[in-house]
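Accompanying notes for the structure given below.
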């Protein structure tokens, strides 16, 4: 409880110091102990937990900014604090790997307070991150400190190496969970509860294909309600909801899945991640691959008219549990195609064979989606990481030239990692892996667009339909509204850093120059790009052989730009 209280206060109080947050957490923990020991019926012990937390914040003299919220009555007071939390979005500087020497010295002297400080730092940077995730990460942090610091008086080189090796394992789940949660909240905020429920319906139906529709529907409603609380920043409700869902799933294993027994034997903190990563259960025996009854039954149009959402949900449930090899986003597109088909074919006067064309359209969509993924993987396998990322950079710089070089490199790097992870998988795993990971990156791009609009094409793709976001961005071409960069003296600067022997640094520098070239000449043809690249490579090799590469680049750089201008205007 003390650690949970620390998380809730650190997340609820933007900019609160560690000592303030720790003091409030200690106060609430002391109250909890008094109430538990005496089974007390004093007024303080009978208050709801969320009111106790807000009262504690409002009694704290060092938080003058909270006065406006504290002047309100509940539930307005709670809503006011949530809006403050939403506007702060957390403390922005990233967590850094601790200095080994100082960390081990602090650990030997102040073990528990050091972990509390770590919890505070993670919580204030991620005010919406699920508290049990932070508690799990704190346990990993303690394990890292124990294994890396050991009992040595002072660190030796292996201690530094230990921190380098272990720190990413501690921080990775924080980044991944925070990204996943931000992504889900982005879908809820932009596309609404119906879209989120439909997405969860496909994912739960795929994971638990033996569960009946009523059980899946019950889980979908519970998960959507949980996300509504989590995305509002209502941390206590969010935590309670999540624990209730985990208990329900683990007590209903016999009707849900044979693959989650080991997860349910783990401590509560570790169950959620384990269940999320568990393999889909096997499909029930004798399940036909098609769901023709949703096309051929005579009463389909009546059912669609009477209970549209429930009928579409049943279709998606039946189709999703049969097709674990499809991505959730593709299943949503199939569901939208089915809805459009019924809207058209259930109209009075629709031709008699209208619904039968649905199967052909479905086959066509499946083929197109699989072809796009296969083609991307073929390019990845042929070119490898660096040149595949360059292909993506050329495509996305033309689609979104308003993004900075750092953003373009970051997003395409993430897409390249997806290629390395998913393209080695078999056909039955490729689509869910590729499209669902890609969806996270596109979600990042769309949230970046919401914060600072990119261009009308991106706006259309990020706003119109969640299910069709990936194909929409895939089909974007050059942004015609973009005004290319002017050729100024400093636009292309060549320096001695181009002679670095560190391949990764050199590749990064060349990618920055490629982006600048594309922003300067968006219409550049592959042949022109090849000629400019060859001329640049020759100049680089020549200058890097000289005693003073910097002087050579200063001399040769302007000449290269002149020659390139002629090539580009040819």
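Each residue's number is its place along the chain shown, starting with 1.
Every residue, even glycine, has its Cβ placed from backbone N, Cα and C.
Just so you know, TrEMBL annotations never went through curation; they're auto-generated.
Worth saying up front: this structure is predicted, and the values here are computed from it rather than measured.
Taken from TrEMBL, the feature Ca(2+) binding site covers 244. Per TrEMBL, disulfide bond is recorded for 35-45, 69-80, 104-149, 148-162, 185-231, 230-238, 263-274, 301-346, 345-354, 422-433, 499-544, 543-552 (among others). Among the features that TrEMBL reports, domain 'Albumin' is placed at 1-171, 172-364, 365-562.
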Compute the C-alpha separation of residue 69 (disulfide bond) from the residue listed as 'Ca(2+) binding site', stating it in Å without decimals.
30
Using all protein chains shown, find which of the disulfide-bonded residues 185, 543, 552 scores highest when you count other CB atoms within 10 A of its CB.
543
Hey, how far is residue 544 (disulfide bond) from residue 552 (disulfide bond), Cα to Cα, in Å?
8
For the residue listed as 'Ca(2+) binding site': DSSP state (helix, strand, coil)
helix
Spatial neighbours of residue 345 (disulfide bond), counting only the disulfide-bonded residues 45, 80, 231, 263 and Cα distances within 10 Å
none
When DSSP is mapped onto helix/strand/coil, what comes out for residue 346 (disulfide bond)?
coil
Quick note, residue 238 (disulfide bond) and residue 231 (disulfide bond): C-alpha atoms separated, nearest Å, by 9
Between residue 104 (disulfide bond) and residue 148 (disulfide bond), how many Å separate their Cα atoms?
8
Just the number: how many Å between the Cα atoms of residue 346 (disulfide bond) and residue 354 (disulfide bond)?
9
Rounded to a whole number, how many Å is the Cα of residue 433 (disulfide bond) away from the Cα of residue 80 (disulfide bond)?
40
Looking at the disulfide-bonded residues 45, 231, 274, whose Cα is closest in space to that of residue 80 (disulfide bond)?
231
